[in-house]
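Okay, structure first, notes after.
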Amino acid sequence: MSDLVVLGSAVDAAQRVGNTLGVFAFGVSGALLAVRKRFDVVGIAVLAVATATGGGIIRDLIIGETPPTAFVNPMLAGVALLSAVVIFFWHPPRKLVRTPLLVADAIGLGIFCVTGTVTAFQHDMSTWASAALGVVTAVGGGIIRDVLAGVTPSVLSDGELYAVPALLGSAVTAALLHYGWYTYWTGGLAGAGAVALRLVALWRHWHAPVARPHRRRDAV
Amino acid sequence: MSDLVVLGSAVDAAQRVGNTLGVFAFGVSGALLAVRKRFDVVGIAVLAVATATGGGIIRDLIIGETPPTAFVNPMLAGVALLSAVVIFFWHPPRKLVRTPLLVADAIGLGIFCVTGTVTAFQHDMSTWASAALGVVTAVGGGIIRDVLAGVTPSVLSDGELYAVPALLGSAVTAALLHYGWYTYWTGGLAGAGAVALRLVALWRHWHAPVARPHRRRDAV
Amino acid sequence: MSDLVVLGSAVDAAQRVGNTLGVFAFGVSGALLAVRKRFDVVGIAVLAVATATGGGIIRDLIIGETPPTAFVNPMLAGVALLSAVVIFFWHPPRKLVRTPLLVADAIGLGIFCVTGTVTAFQHDMSTWASAALGVVTAVGGGIIRDVLAGVTPSVLSDGELYAVPALLGSAVTAALLHYGWYTYWTGGLAGAGAVALRLVALWRHWHAPVARPHRRRDAV
């Protein structure tokens, strides 16, 4: 119990800063997709807020933390709305939106897989379930964004690795927590590693293998 | 506490009537979209029930009210099924479905932003969170309807104002509750105002602004 | 109370076996759809796990059982991942995937409408709500699968009966529980009946009625 409290205070500040950055990054990614889809200012705001808070809301519902943090702490939705305002006034031309969108999304992914895992672990979830919830937190907002905008979710078919970096970041974080090695620095490293892996995969076009086609019988 | 109870009894009857009307209106909107999409009678029933109860179920999960009202009070699903039966036998030709669909949806939107806000407030949510949950209740069912039917959610891109009326209705209701001015009449007025704003926006083609395109560099 | 415990032990083993089979069948259906959509190995795994655990997670959130079983018992996600691995290495050519996908989905549907109803009933839900939650458990995973993959959910428009078998299986199971006639055998029969009805409907092309078109005015 007291260990958990100490752990709690040790990571709380970093987690709060990290969460805020993650919310902003995912808010930007939602707003940029809305710009690309030519949605209006309301659509930009809705998609920014849904992307930025969606993963955390799903995580909180699953661990039974109701109401979810996003409905208790007005700062999260506020930061997401701020990201929508920024993008509404200051965004790259529609043709060039793709790269900023991918980078913002990668940063949100890396941050949320760590903070999501930590939050779940603090709520007495097992090590493997904490890692699973880290992945859910990291990919949940992006899935909601893509489903609302009518785009195939990155996690399923973006070609370049997306769930894999989230899974690695979450698994490493869960292991750090399990063995009591979690600190600002090790956690930050896990998140940075996930962001780096995603960006390198995008840059070098790393793909997960596709199921081997049955060439002889499936020829088209 | 006793204030809350008094508030509770003061609004309960109106809220129940309002909720039933909202469920029917949203049920009709789901059923009409199913007709437009040529879904069969099961699809009509499923879309009616999902649209009519979806927003309230999400709200109840978020405020930690489990099981959600829709699974406790069989009347809600019953009213939604009734709306499906009505539309199955008596609906305008497919080409003319659009206007009734928009009107039914507007009525559901206006009613649910008020009743959703009140329900959240009664469950000790803060004023701003109550307003946010009013919006979630109002737009949630329609989002589920549109995502299931493969249509871009109105809240993102229908052009005419959709989330804005829900936001205004919810914000006014939350303010009324906060200052103790909420009654049948003021609440009803807030809901009617939201419906009116949505319908006028549809009629006069009011649009929220779109992000300024970068004409020089983004010309296509 | 003690009745509930006896009921619990009477059905627990069968329910666990049934749930595992249902998870595997739905996992296969998700993995096969991912293969058909040419998703990579990560997409196959994500879609298998989401399909196999999605219905149960929604059910558990609604009955207030947090964290949901899928996050407590690692075996469920493990079985779903196993189904993904099997399908990744061993699957029919893309053109012939449709039939295995429909059969796996039908088996999952039949099993989950029974186990979902039983789980809800054991959590003190009313008879009608237990039946409703059986349907939610049975169709929820498939809806998540289809929405993620960008396919119209079977429950809305697959033509052949889909929700009807789930509804019948759930209603029969709920009635059996209500009257105290639920055993391994009667429950198994209810599930088998639902599977059979779905498969026969597919085979004989049984369709639910479509809303009568207004031919004179709606001619196109």
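For all residues, glycine too, the Cβ spot is worked out from N, Cα and C.
Packing against the transmembrane segment (B:17-34) from elsewhere in the chain are residues 43-53, 55-56, 75-76, 79-84, 86-88, 91, 97, 100-101, 104-105, 107-108, 111-112, 114-115, 141-142, 145-146, 149, 151, 188, 191: each is 6 or more residues past its ends and has a CB under 8 Å from a CB in it. The transmembrane segment annotation in TrEMBL covers B:17-34 (among others).
Mean model confidence of the domain 'Glycine transporter' (B:19-91) amounts to 94 (pLDDT, 0 to 100 scale). According to TrEMBL, the domain 'Glycine transporter' annotation covers B:19-91 (among others).
Residues or ranges marked as transmembrane segment by TrEMBL: B:41-58 (among others).
The transmembrane segment annotation in TrEMBL covers B:70-90 (among others).
Residues 4, 7-8, 11, 15, 18-19, 21-23, 25-26, 28-29, 32, 51-52, 55-56, 59-60, 63, 129-131, 133-139, 141-142, 154, 162, 165-167, 169-170, 173-174, 177, 182, 187-188, 190-196, 198-199, 202 of the same chain, all 6+ positions outside the transmembrane segment (B:102-122), place their C-beta atoms under 8 angstroms from a C-beta of that stretch. Residues or ranges marked as transmembrane segment in TrEMBL: B:102-122 (among others).
The domain 'Glycine transporter' annotation in TrEMBL covers B:103-176 (among others).
The transmembrane segment annotation in TrEMBL covers B:187-206 (among others). Through the fold, the transmembrane segment (B:187-206) approaches residues 11, 14, 18, 102-103, 106-107, 109-111, 113-114, 118, 138, 159-162, 164-166, 168-169, 172-173, 176 of its own chain, all at least 6 residues removed from its boundaries and within a Cβ separation under 8 Å.
Sorting the domain 'Glycine transporter' (B:19-91) by DSSP state (H, G, I as helix; E, B as strand; all else coil) yields 61 helix, 1 strand, 11 coil.
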